[in-house]
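Structure record follows, encoded as structure tokens.
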Amino acid sequence: MHEFPITEQIIKIASEKAKENNARSITRITLVVGEQSGFIGESIQMYFDIISKDTLCEGAVLEMENIKAKWYCPDCNIHYARQPFSFACPDCGNDGMPTNIGKEFYVKDIEIETE
Ligand SMILES: [Zn+2]
């Protein structure tokens, strides 16, 4: 459910950028969505299709770059994707620590069409 306001926000940002550039329409919006961002790409897509109607974003392709969450092992100095039910480092077996990798959520790129 909380994807609704964030999708409105994305459309607002994209529309403002399009207006600044005198664009006729927006063709593509690229989002970076981390696995741990708390946002679900499919829900954003669903809301996007509804909210973008009659805006400059209507018909734009919503592209999502998904980022896997990574953990960090200070002993081995490596980042790794953890296995289900385990926090263990694949090299030494000690529990690693969470990082900010995978918490990303932002608009990376907006493609517009001008005439
Ligand atoms: Zn390790």
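Cβ coordinates come from backbone N, Cα and C, glycine included.
What TrEMBL records for H2 is Ni(2+) binding site. Summarising the annotation, TrEMBL assigns Zn(2+) binding site to C73, C76, C89, C92.
Reported as a whole number, the C-alpha separation between C92 (Zn(2+) binding site) and the residue listed as 'Ni(2+) binding site' equals 39 Å. Taking CA atoms as the reference points, H2 (Ni(2+) binding site) and C73 (Zn(2+) binding site) are 32 Å apart. C73 (Zn(2+) binding site) counts 20 other C-beta atoms within 10 Å of its own C-beta, drawing on all protein chains shown.
For the recorded site, H2 (Ni(2+) binding site), the DSSP three-state label reads coil. Note: the Zn(2+) site is recorded as C73, C76, C89, C92; in the same chain, P74, D75, I78, Y80, P90, D91, G93, N94, G96 also have Cβ atoms within 8 Å of that site's Cβ centroid. When other Cβ atoms within 10 Å of the Cβ of C76 (Zn(2+) binding site) are tallied across all protein chains shown, the result is 14. Spatially close to C89 (Zn(2+) binding site) yet at least six residues away along the chain are W71, C73, D75, C76, I78, Y80, D95, G96, judged by Cβ distances under 8 angstroms.
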